[in-house]
Amino acid sequence: MAAVAVAVREESRSEMKTELSPRPGAAGRELTQEEKLQLRKEKKQQKKKRKEEKGADQEIGSAVSAAQRQDPVRELQGTGSQLGGTTGEKLPAGRSKAELRAERRAKQEAERALKQARKGEQGGPSPQACPSTAGEATSGVKRVPEHTQADDPTLLRRLLRKPDRQQVPTRKDYGSKVSLFSHLPQYSRQSSLTQYMSIPSSVIHPAMVRLGLQYSQGLVSGSNARCIALLHALQQVIQDYTTPPNEELSRDLVNKLKPYISFLTQCRPMSASMCNAIKFFNKEVTGMSSSKREEEAKSELKEAIDRYVQEKIVLASQAISRFASKKISDGDVILVYGCSSLVSRILQEAWVEGRRFRVVVVDSRPRLEGRHMLHCLVRAGVPTSYLLIPAASYVLPEVSKVLLGAHALLANGSVMSRVGTAQLALVARAHNVPVLVCCETYKFCERVQTDAFVSNELDDPDDLQCKRGDQVTLANWQNNSSLRLLNLVYDVTPPELVDLVITELGMIPCSSVPVVLRVKSSDQ
């Protein structure tokens, strides 16, 4: 078939040559306009004819190759005879080239399978050797690893080496932990970080040491209060800072802050508001020009901290209070949980503006923060009721709305707040009561979390002991090997249980958190 295609091409070329040859009688005189047009038409037809012949040749070549693929034995025999004629090679009697090639391929597959089996014996099963069905799986193979990323021993050892390099004391675990939360550090007020710390020779600034102790003892609590206290401590660090010789303030100050942050984390895990404030401060420090004098740079940093507190916390809470007061009407029964400084301000300002409503304060052990909220509202003259969280379902039928604070708002719209918030939101949804969450945008974080197991905080388990007179319930619980106490600090409320989030930017749904984060990152 290839020879036929070559013959057809040669014949067509000879015909085109005869067509392109000059006509007899045309030489020696100038062509008229009609003859020129006729010649152009003939050239176009010849060009079209060449294209058609070229396409036919390609179809013939593809047909030949397809026929060869369909009958590879004949092709191999032909090539084998050609090779044998040229090189003198002789095939074994009664065996074709295709059969020899198939035999070689089978040997290669057997060798490859043997190598994979040897690798599986040395370093575990290879991906190809793993069974694809449940029937092929053996009982010795574990589908789930023994350790996840959070409780991996190598990762935990690496995290412990970091404070040692920074000369920061580490807190030891206290008591036995629940297995689901074994990857989280267990804090206790009985073990002090500063017990064996020498303040004069320590790398930690005294203001940071005092702040860490206040965090660990619970003297400073609440996201806003902890963030403001941290920023004020940073101002004291800046005031006492002196740039070493042959160093730049923008680099040395950031490195000096790292052990301070590690010490505060050992005292109590950082909140989302504190992490965002530290990111802001580091950005201000690294963006400081090296040509500025030290006193001028320190003054600008302290002014930036004051501006951050004023804009992100003070003015933001004022704007949220104005937006939230529009949702409070006369005769409302508002349920609040725990003690949120922002929610307390909203209720007191709405009462001062003339709106008349009633508040139900729900509280929970062991912190009993709702007592402080109760004291503030009663002092402002707001009619208030007080109860514990197990009785919340009995008062929800008469509640008109639930007003909650937030520890952080995650990127997937989940609300991280005091443990028990998710329970209240779930019961409120069952009674068709709207849930409103008040939160500043500086508490928005890019972390995604769907449960309270992976990332959380474990408080002192001794706080769960109940003292009644001289008797202490759960005394010496550490000696009981079958007893473990769990004192969780936060839980995660899914966005489906939250109707509205009130921020200084306005009232938004939980699904708008990624939009706010993207706008904030573009503005910065």
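Here the Cβ of each residue, glycine as well, is placed from N, Cα and C on the backbone.
Taken from Swiss-Prot, the feature compositional bias 'Basic and acidic residues' covers 8-20, 31-40, 96-121, 161-174. Per Swiss-Prot, compositional bias 'Basic residues' is recorded for 41-51. Residues or ranges marked as N-acetylalanine in Swiss-Prot (evidence: similarity to another entry): ALA2. Under the heading phosphoserine, Swiss-Prot lists SER12. Summarising the annotation, Swiss-Prot assigns phosphothreonine to THR86 and lists similarity to another entry as the type of evidence. The region 'Disordered' annotation in Swiss-Prot covers 1-174.
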Tally the residues of the compositional bias 'Basic and acidic residues' (96-121) by DSSP class, grouping H, G and I as helix, E and B as strand, and everything else as coil. 25 helix, 0 strand, 1 coil
Within the compositional bias 'Basic and acidic residues' (31-40), residues counted as helix, strand or coil by DSSP: 8 helix, 0 strand, 2 coil
Summed over the compositional bias 'Basic residues' (41-51), the DSSP helix, strand and coil counts are 11 helix, 0 strand, 0 coil
